[in-house]
């Protein structure tokens, strides 16, 4: 049913004639229609009026025009005020962007407080992780819960280093982490639901990342399960080079954001890794860091053992009376300095602190995003908008136009390496796609570059691992890197293979018409579907195959039928040339939209009077459009007599020219 809804957006619209302006042979030199001319269809002008001129192609980048006075028309005082205003706007923009990035960091901490221990419990079941499909969805769920692919990858590295998980079984988990990290910019896109076209573009710009990840997994996961190509390739790389441990990955953006985020909350992320590796004491620990400065002291302690056979080789062992004594190392942690964040002295459970931070971070995130969009709309006008659009969206001259996309991939990788988070980078460009500064075609290679950039940061972090965990850590990071490289080779070099752009555009059209569908998509792709697959995996591979195979076969059948309905319907049986034989809720979202709107209207009348005002405004706009239609009907050229000159109204001619 979802596939039917989804693919209906790809069908071409039927052609409609417009007016005699596009057909000069229908008029004489004086602009009059001859007596034997063909009268145009009456619905053509009505169709032009019914369709808003600004929405002819909602994917065209809007013109951000300057409505104020030109620079040459300003006096000295006006020029000074404009310069000062621009400086103040730029400072505010940087400040809001800083708060936006910090709110993403706090949001990640909030998710870890709410679901971090549950994520550790999910990783603890090693038998399930041996199933590639289960490992994939576990990677998705854990990354969604902790809002950080770096955290989920570090948990995997800890499990591999401790021997609880093999590297080959960890590869699907890394693929799932790559999918789960794209949920952040999808949430950010939903904040632009106020304007229909902005929401259309922003949601498509966010979900193009989702489609790239899912399509890459559909191809590479079965290939990896059958051949182990990523594992073998990275194993060759590790064995071919004498890799030595290095310094930690450089902290670039964290140096700027840590002063604020550390004053709000600090977490002990080793607790999640300890739970995943089976440490029973970690379950009673709090994720909230209380002591920021500690010192570990190791001392020798004399203990008794049953006999000399129980003594460790190389350790002193002696008998004293009837007892056998030996020595062991005991490590004791001494707390030196208490943390200074807000919740260091609050006696609250992790769940309560997580919910408080979740509400706070989402509020700041929404507020900053709205203000950033408003500021960008006010700043990107006139020549500034023209220059920015040309720089971001223009290709190189022929024959080097193909190079532009690859340079965008490098730019995305470099920017992600600087901010050290693909979620931060993709969440920052999502509102730019929404307001029309960056096109969807340009956002796609930038997103692919961000996938590469986040893996380079993981590689540098793995290089700083201790000697006993260096090989495993680096191999997992290289698996992540080669997975994204393979995905780019599959879905970017040939324009025909850039399927994620077409799918994201179709989903953007769908969510623009039915905005509530964005929430359905988010819950379905990142929660319900992974949980369902995980439950079937726990029930056994027979249950997973028995449920998944019929669904996959049905989806493939629907896709093939939809393509044939669009391109070659004559080869289909008459009954399958459309989906009208199905109940309407199974091939149209309109009935569901009515149910959702009715529910929202009920909540509005019971809970909020603001909805009445919004509904009243929509009714007035609808009434205005209806009056405009009725007035235009009287001016329709198709209703004129043969002996009267065929002079189209000015508004209609202008519309047909467009």
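For all residues, glycine too, the Cβ spot is worked out from N, Cα and C.
Lifted from TrEMBL, the feature list:
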COMPBIAS  619-632  compositional bias 'Basic and acidic residues'
COMPBIAS  640-658  compositional bias 'Basic and acidic residues'
REGION    619-658  region 'Disordered'
TRANSMEM  87-113  transmembrane segment
TRANSMEM  133-157  transmembrane segment
TRANSMEM  169-191  transmembrane segment
TRANSMEM  211-231  transmembrane segment
TRANSMEM  351-376  transmembrane segment
TRANSMEM  396-417  transmembrane segment
TRANSMEM  473-494  transmembrane segment
TRANSMEM  514-537  transmembrane segment
TRANSMEM  543-564  transmembrane segment
Candidate ranges 133-157, 211-231, 351-376, 396-417 - greatest C-beta contact count to the transmembrane segment (87-113) (under 8 angstroms): 351-376
The transmembrane segment (514-537) and the transmembrane segment (396-417) contact flag, 3+ Cβ pairs under 8 angstroms: no
In contact by Cβ distance (the transmembrane segment (133-157), the transmembrane segment (351-376); 3 or more pairs under 8 Å): no
Residues of the parent chain within Cβ reach of the transmembrane segment (169-191), under 8 Å, 6 or more residues beyond its termini: 104, 107, 129-130, 132-133, 135-144, 147-149, 152-153, 156, 159-160, 199, 202-203, 205-207, 209-210, 213-214, 216-217, 220-221, 224-225, 230-231, 365-366, 369-370, 422-423, 426-427, 430-431, 434, 451, 454, 476, 479-480, 483-484, 518-519, 521-522, 526, 530
